[in-house]
Amino acid sequence: MKRFVSNLSGSSMLEIAALSTLVPLLILLRHSFASDQIIETNFKKNGDAVVRCKTLGDYMATLVLDFLLIVLPILLFLTVLADWVYQGVILMMLFLLFVVASKSYTCCNAPFSPSANGGPLSLRTNISSYRVSMMIVTCLCILAVDFRIFPRRYAKTETYGTGLMDIGVGSFVLANSLVSRQARNILSLKFHTAVQSTSPLLILGFARLLSTVGVNYQVHVGEYGVHWNFFFTLAAISILTSIINVPPQYCGILGLVILVGYQGCLMQGLNLYLLSNERGTDLVSQNKEGLFSIFGYWGIYLIGVQLGNFLFFQNQASRMRSKKWARIGVWMLSLLFWLLTMLIDRHFERVSRRMCNLAYTTMVLAVNLQVLGILMLSDFIPGSKTSVLEHACSRSLLATFLLANVLTGLVNLSMNTLYAPPITALSILIAYAFILSVVIGLLDLCGIRLKFW
């Protein structure tokens, strides 16, 4: 058991980049297959897509189709098809090009233009698809990692390395920063208001702590520490951002200063302290990984705020030109951050999610901007503007994650996942993913929106 979760060194950056290409390609393929006879896509004044289905039967049929074309293939490539990722990327790219070419010339015998099918997708819709793709992968991984069918190289690394699951927390932070109040240039809340607004996260953090202790649920102490968890990190970022109120145009500079300063401290010996298994009796020593990694995640958040403001919330008067420029900017920044990651990883300090060091933050930015950049090619793909599953998940992003955690806990408490045969493990994962998709879809159908961060 200890060997199953310890001393993991992760995958290669190339494989992470391949997985980050495969997931958005599957979403674009789903869009190209969507039928306007079932899905009605309307647009608000700001260009955001609003999805409606004509009947309950149509809604459920479309939701199941979304599951089969998006969620199930991702799950398969994370488990039984993990050794075929590169081939999968090539096949998906060729298939998507074939679909685009055939649809573009079928009816009018003229190339498809972004103005077809109701106009270009808004930047916000692209960001929504990106956030959903990140959440789908996260929800699938948090249960799949408990089964032997999940490759160990995708699991979280012990000290240094680039596992797929290492990207999860940083991606969640960045995804929220790109569309945050600060990125939209909305005045920050006062400190006491910020604490009040983050109280749900604090409640969730303490609830997770008490529930894991109460049922003796296994927690890897080296991830955040003895008492700390993901929700406390999110709350800390929100409070820090409200205390240090910086205009979005300068948040990236502050974030860079924090990251470089934090990296300097790590290289002066702080990294040895954080990676050591020795702990004192005080709260700081007990939770050293979670407390010190806040600087890294906060740096990601601040850089994401400036990127979101600069790329997506300025120059809104000329939407077509702004969209084209933003697409180019996202691709260039993704390449830049990939180059920085390789440079820092080789010459300064290797990627470490546990410490949230500089190489980790640049890799998180590179991966997420790569996914977003691919999804921003949607304008050139004929078909529906979005899918039912994406729309439902985007309206309750954190609720989706919470439900996934509850279902994961129930599975782990009801069986020993390590000894599950491959067929049993895959069946459980498919059922879990299907239940999660259906519940979130039904919540959206009923008009229930659970979103507070």
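Glycine is no exception: its Cβ is also placed from the backbone N, Cα and C atoms.
As annotated by TrEMBL, transmembrane segment applies to 58-82 (among others). Non-local neighbours of the transmembrane segment (58-82) in the same chain are 19, 22-23, 26-27, 29-30, 33, 38-39, 88, 136-137, 140-141, 144, 147, 149-151, 154, 164, 387-390, 392, 422, 425-426, 429-430, 433-434, 437-438, 441, 445; each lies 6+ residues outside the stretch with a CB under 8 Å from one of its CB atoms.
Sequence annotations record features per position, and here TrEMBL assigns transmembrane segment to 89-112 (among others).
Look at TrEMBL and you will find 132-150 (among others) tagged as transmembrane segment. Packing against the transmembrane segment (132-150) from elsewhere in the chain are residues 4, 23-24, 27, 70-71, 74-75, 78-80, 156, 164-165, 168, 171-172, 175, 368, 371, 375, 389-390, 393-394, 397, 400-401, 404-405, 407-408, 411-412, 417-418, 420, 422, 425-426, 428-429, 432-433, 436: each is 6 or more residues past its ends and has a CB under 8 Å from a CB in it.
Under the heading transmembrane segment, TrEMBL lists 226-246 (among others).
Residues or ranges marked as transmembrane segment in TrEMBL: 253-274 (among others). For the transmembrane segment (253-274), the list of distant contacts is 244, 246, 288-289, 292, 295-296, 298-303, 305-306, 348-349, 352, 354-355, 357-358, 361: same-chain residues at least six beyond its ends, Cβ to Cβ under 8 Å.
Look at TrEMBL and you will find 294-313 (among others) tagged as transmembrane segment.
Same-chain residues lying 6+ beyond the ends of the transmembrane segment (325-344) with a Cβ under 8 Å from its Cβ atoms: 13, 17, 123, 307, 310-312, 315, 351, 358-359, 362-363, 365-366, 369-370, 372-373, 376-377. The transmembrane segment annotation in TrEMBL covers 325-344 (among others).
According to TrEMBL, the feature transmembrane segment maps to 359-377 (among others).
Look at TrEMBL and you will find 397-419 (among others) tagged as transmembrane segment.
Cβ atoms under 8 Å from those of the transmembrane segment (425-448) belong to residues 56, 59-60, 63, 66-67, 71-72, 75, 79-80, 139-140, 143-144, 147-149, 388-389, 391-393, 395-396, 399-400, 403-404, 407-408, 411, 417 of the same chain, restricted to positions at least 6 beyond its ends. The feature transmembrane segment is assigned by TrEMBL to 425-448 (among others).
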Intrachain neighbours beyond the transmembrane segment (294-313), with Cβ under 8 angstroms and 6 or more residues off its ends: 123-124, 127, 169-170, 173-174, 176-180, 182-185, 233, 236-237, 240-241, 246, 248-256, 258-259, 262, 326, 329-330, 333, 355-358, 360-361, 364-365
